[in-house]
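Per TrEMBL, the feature transmembrane segment maps to 44-65, 106-125, 131-152, 164-187, 199-221, 264-283, 289-307, 328-348, 354-382, 389-415, 421-442.
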Amino acid sequence: MAEPNPPLFQFCTGDQPMPKDSEGKAKTIRILSFGPPYMRAFHLNWIAFMLTFISTFAPAALLPVIRDSLDLTRVDVGNAGIAAVVGAVASRVMMGNMVDMYGPRYGFGFLLLLTSPAIFCMSIVQGAAGFIVLRLFIGFSLAAFVCCQFWCTSMFNTKIVGSANAIAAGWGNMGGGVTHFLMPLLWKGISASQPGFIAWRWAFFVPAAAHIILGASIMLFSQDLPEGNFRELMASKAKVKDRSPNTLKAALLNYRSWIMCLNYGYCFGVELVVDNVIVYYLYDQFRLTPVLAGALGSIFGMMNIFTRASGGMISDLAARHYGMRGRLWALWIIQTLGGVFCLLLGITPVYNSLLATMVILVIFSVWCQQACGLSCGVVPFISKRSTGLVYGLVGAGGNTGAAVTQAIFFTYLPLSPTQGFFWLGIMVIGMTAMYMGVYFPMWGGMFCKAKPGVTEEDYYMSEYTAAEVSQGLHTNSLKFAYESKSERGWANAAAAKDLDAAKAVHVKAGTA
């Protein structure tokens, strides 16, 4: 008799053995546990990712004060916001290659340590040019998204990977809200003993020091994979380093990577834009104090405590019943609703109602952030061989979308912020239709069924040549193909009856 699947969450401290699949990945999430390797990696993962959001958007949280202190113009503010998100475009692509080669532990650790000097330097900046450059370098830290998603994908089973990815990324993204609440409070507290134009500079020492402490902790106390660290596994030949250019091809020549890349810019990218503009928008539109504008603006990001996670759970639930096709339908519907409420956010201030604006903002945050979580349920299945690179591309797409939309709607065009939100919503609705083009031959797409006779092994083994198979480079992909049969859903239950027999499948290299 098959072993029953454990529940998604187990509220225990981890004294009992963690249930594992054929890849050694965890089959449940023990939220209250900090035990190695699974839950220690999980918790360090989201805490570190949250810290990068706090650091990146700390200047935006204090913008009403910094803007006056440095005499920044509207264009200066817009360029700084663009710099903060565009900095991560290249760093996320590079990080994708790094985690594929050296593991997420080194990726996270070095990223936090190398970006901390830029945060310290924010305390001595004197003008617009320096402010923009420092926001660019601090923004590099958002490449932590790639480490975060790669690490969770490496630790958790395919049936719960959407939830694990979405919870870790969602709690990390919550830093965009925490910083809007935290930094004004730090500024106000320091202002009790220092002038306001000095106090905001001292406030940046807090996230900068946290980068150093957490970066060192990750490198010293965590583990890359269930079976050990990349370095030791490479030394013992238990893991073969895949240096083939075909690894790059598997990510770049897969059109699904590019559709997800473009559309991530219109869920996560939109979230970054809102994190950048919401505080000074509320401050100017409704004549609020910096602390109150920060507190209200923080609500958008703080919704990530459950919104992105619930998106991942919706994705996993849809897959349980309808497979990958269910994941795609859920993603399209929810991201489209995010565009609708972004559009409405641009209409409500016409009535100059703070209450109506906040209600729409909260509903908008739910759909926008759930769409990010639903994306986490699709991306891991695009390529097993190039998991890190695909995450790097998709993550870079999120930041590129943020930079483009902030430049168009909130910086260079003669649009008010309300008009910017309206037209951004229109753009989100239009771009989201691209999900209809995503098709997996073994599972199907939104409107098309699976191609008869094509299996998960055919799809994932097509990334390897016969010579590479003979070298054993395909082993992890083969295990993943077996576990990913769950993406067929109950609607294709008849075709999934060979699940147990698939362990003995004959693998061949070729093209699916």
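Along the chain as shown, residues are numbered 1 onward.
From the backbone N, Cα and C atoms, a Cβ is placed for every residue, glycine too.
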Going along the chain, which residues at least six beyond the ends of the transmembrane segment (421-442) come within the CB cut-off of under 8 Å? 255-256, 259-260, 262-263, 265-267, 270, 273, 324, 328, 331-332, 335-336, 338-347, 378, 381, 405, 409, 415, 448, 450-451, 454-456, 458-459, 487-488, 512
Within the same chain, the residues 6 or more beyond the ends of the transmembrane segment (289-307) and with Cβ under 8 Å of it are 53, 57, 61-62, 64-65, 170-181, 183-185, 187-188, 271, 274-275, 278-283, 358, 361-362, 364-366, 369-370, 373
Do the transmembrane segment (264-283) and the transmembrane segment (44-65) come together with 3 or more C-beta pairs under 8 Å, pairs six or more apart in sequence? yes
With the greatest number of Cβ pairs under 8 Å to the transmembrane segment (354-382), the stretch among 44-65, 106-125, 131-152, 164-187, 389-415 is 164-187
Outside the transmembrane segment (389-415), at least 6 residues beyond either end, the same-chain residues with a Cβ under 8 Å of its Cβ set are 74-75, 78-79, 81-82, 85-90, 92-97, 99-100, 139, 142-143, 145-146, 149-150, 153, 247-248, 250-252, 254, 257-258, 260-273, 276-277, 375, 379, 382-383, 421, 423-424, 427
For the transmembrane segment (44-65), distant same-chain residues with Cβ under 8 A (at least six beyond the ends): 77, 80-81, 84, 104, 108, 111-112, 115, 119, 122, 131, 134-135, 138-139, 141-142, 144-145, 147-148, 151-152, 167-169, 171-176, 178-184, 187, 196-197, 200, 203-204, 207-208, 210-211, 214-215, 217-218, 221-222, 275-277, 279-280, 283, 290, 293-294, 297-298, 301
